[in-house]
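Q: Here you go, one structure.
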Amino acid sequence: MLLSAPRRTRRILLTTVVLCLALAPGVAHAETAPAAPTRTYLVTVDDGAQGAVANRLEQLGADPRAEFGEALDAVAVQMTAAQAASAALLPDVEVVAADQTYAVNDTQGVDSAWGLDRIDQRSLPLDHAYTFDSRAGAGVRVYVVDTGISPDPTLGTRLSAGYSAIADGYGTSDCHGHGSHVAGIVGSTRWGVAKAATLVPVRVLACNGQGATTGIVAGLDWIAAHHPSGTPGVVNMSLGGPVSAALNEAVASLVGRGLTVVAAAGNASADACTVSPASAPAALTVGATGQNDARASFSNYGSCVDLFAPGVAIPSSSPTNAAGASMSGTSQASPHAAGVAALYLAQSPAATPAQVELALLTAAQPVVTDARSASTLLLSSAVAAASTTAVDVTTTATTTSLKLAWTAGTAGSTITRWTVLRRVVGTGTWQSTVVTRPTITFSSLAPATSLDVAITGVDATGATASTTLTVATVAAPDAPALSASTTLRTARLVWTAPTVSPALVTGYTVQRSTNGSTWSTVATTTRTTTSATVTGLAPGSTTWFRVAASASTTVGAWSTPLAVGTAAAPSAPNALAVTATSATTATLTWAAPSVSAGFVERYVVQRSTDGLTWKTVPRAEPSATTATLTGLSPATGYLVRVAAAGEGVTGSWAPSVPLTSLPLPTQPAAVGVNATMTTATVTWQTPSEASAVTGYRVGWSLNGLTWKTVDVAADARTTTLVGLKPGTPYQVRTAALADKLLGPWSDAAGVTTAVAPSAPRSATVTARTTTSLTLTWAPPTTAAPAVTAYRVEWSTDGVTWAATSVPPTTTQVTLGSLRRGTIYRLRVAALSPETTSPFASTSGTTATS
């Protein structure tokens, strides 16, 4: 419950009455303009500034009528609308409000004595009795702000002197009947709830049941000034009118002084928050019910209603009828609650208005149907005195729930019914829950929601245990700090854990947007993972990202949207050039692109013969800035181009560069050949077209059909063929190689290898001793000049041979160191540099002697 209202900025409150001035038809002579109409305004001022403001108002030509300084710092003043507009601009002025009309809240009805019967029992049906505490409100002053109170035998000496804001000669007496009726419900011995309470009339409504804002404020100001210090007091306001900030502030001032203010909700079947004083947050606002515990059809409703009380066909005192009168309205419901407040204060005279309110709400029963309000509580007179037994509460909070568990010592063990009241801090309406165990859970709350909670338990003997406390759900995680790094199509997001409620974090949600307003989730992570990689973005694009921590089902604050730009697609590589060509290959080089070079993973090289159809060139090292094209056709023109690529994005192509492969070489010239018995040395000259030569191929053949070949280096102009047959004619030719392509063959050149020596002749043993044999022979009949030596061999078994060589001029050799009496086989062959002739053998075996 608010104890004071904040100061408001200066403004003029327009009223429901609008004065319209019209000019009369003009006449020929001058006329005096009629005086502007005046009305009463309530000027709310800064603390203690009443006198200064009143003087300034007089200087404006206004007529200050009264100054208030207790319940409200204000001045009542009679002035015109123009003066009111000027008054709003004066120093120390807060609000200028035109006086409003307030009226009683009741309707006439038939006599029925059920109200008292209903409030002293938990449920229907009625038991036709009213049981109340023996103190019956004694020692409590109840101020009835109404039409006055007429003396009544059922009030006796408890009717105290009061105050009247109405200057009509009636003083505090009731010339309407409403105030007396209300007072009777509060405390008459026949109709009243608190039958020993002192009733104080504060007459602010005239005989027609109406009054002005200034009169009501004057009455509340009088109460604030004259209430005895240390005496418990209740103020009942069974009246209503337009919402008035000044009136609500005056109510708050009284509550701040320790007076409990009870207000009627109003009879328009509308939102009670649209009228005053029902809308005053500091007041205990009461709606009306009928005998079936349903909201009365006329009763106002809404979030400003704190509880309900009987208000249909309620009998009470009447200044004109000793038998009383019956009325209906929230005016009758309100004094029921004011009376119960007096009952409680008689038991607990030091209780604050907040404690009084909680006591009434705790005792009330949540039975009202069709309440159309947050509260469904029906007033109960079974209010217990303030508890002296402490209640220890343990609170377990999450972001959306509060679990309370409590103990109350030995007294708690006998309590089987606990009433738990709660409201959001700063709001006026309490919600009530009855539990049979000392625990309760409030769910579906918003994070960082603070609740006022009152817990009261009463056992069968009337012993009570209670406590009030403020609890709060845990704040949702605050926004993580988000940063990002990007590549061509990827954003790597990194964030810090929230500083608020980090221990409750269960995970993170990452969202993206292309426009900063429409969001979609792209990643969720665990509580320990504070990074995410988002792929598939467009190069050179901007995407907004945000991240929020979750605490179970509660999503915390989103980080400030972070605009993340991906790197632009790579620009064209620089300096593309053809550095070498052959008949079938070409070598290209280039430099990295100027844009996004750091994101290049590979280069794409393509070739084309027409500039329309392109073929990608396979590359073993895709990231190298050089490439060799193979498989080209000789003497053919090509276009080549290159582009950088990364993450599946191919950048701009470098402008194509032309190249022409080299032509195949022509046939070698001046092929010559010289042969020996087994070799042939071939020579040739460079072809007339030799730009593409990478080597030469030499071929030889016995028949011109089947050829053997050998490849030699590009700088060779001669080679020697080996392994030829002596005395054999050969054809020899050569061709130039371009890469692996063969140019035209030269014309074949013929050559015959030299003839090999024949076998020596007439091999004969011409002498022998016991250890030697002498072998004599004649030179071969062919190629004798080519003989360079003779080879003589001997063997005892024809398998293993010993050998010796002699010069070509010798045709005899003596073999010594032979075994005596051993048979030997002898043979001889002519040797030349390239071959060995067949052996010539003796005609038979020969033995040493």
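Keep in mind that glycine also has a Cβ here, set from the backbone N, Cα and C atoms.
Residues or ranges marked as active site, charge relay system by TrEMBL: Asp146, His178, Ser331. Per TrEMBL, domain 'Fibronectin type-III' is recorded for 476-563, 569-664, 665-756, 759-849. Residues or ranges marked as signal peptide in TrEMBL: 1-30.
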Q: In angstrom units, rounded to an integer, how far apart are the Cα atoms of Ser331 (active site, charge relay system) and His178 (active site, charge relay system)?
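A: Cα of Ser331 (active site, charge relay system) to Cα of His178 (active site, charge relay system) measures 9 Å after rounding.
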Q: Using DSSP, break the domain 'Fibronectin type-III' (665-756) down into helix, strand and coil residues and give each count.
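A: Going by DSSP assignments, the domain 'Fibronectin type-III' (665-756) contains 0 helix, 46 strand, 46 coil.
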Q: Between His178 (active site, charge relay system) and Asp146 (active site, charge relay system), how far is it from one CA atom to the other, in Å?
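A: Distance (Cα to Cα, whole Å): 7 Å.
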Q: Return the average pLDDT for the domain 'Fibronectin type-III' (569-664) as a whole number.
A: 96
Q: What is the Cβ neighbour count of His178 (active site, charge relay system) at a 10 Å cut-off, with all protein chains included?
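A: For His178 (active site, charge relay system), the count of other Cβ atoms within 10 Å is 26.
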Q: Name the secondary structure element type, per DSSP in three states, that contains Asp146 (active site, charge relay system).
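A: Assignment for Asp146 (active site, charge relay system) reads strand.
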Q: Sort the residues of the domain 'Fibronectin type-III' (759-849) into helix, strand and coil with DSSP and give the three counts.
A: 3 helix, 44 strand, 44 coil
Q: Let's see if you can do this one: DSSP helix, strand and coil counts over the domain 'Fibronectin type-III' (476-563), in that order.
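A: Helix/strand/coil tally for the domain 'Fibronectin type-III' (476-563): 3 helix, 42 strand, 43 coil.
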Q: How does the domain 'Fibronectin type-III' (569-664) divide up by DSSP, counting helix, then strand, then coil residues?
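A: Taking each residue of the domain 'Fibronectin type-III' (569-664) in turn, the totals are 3 helix, 46 strand, 47 coil.
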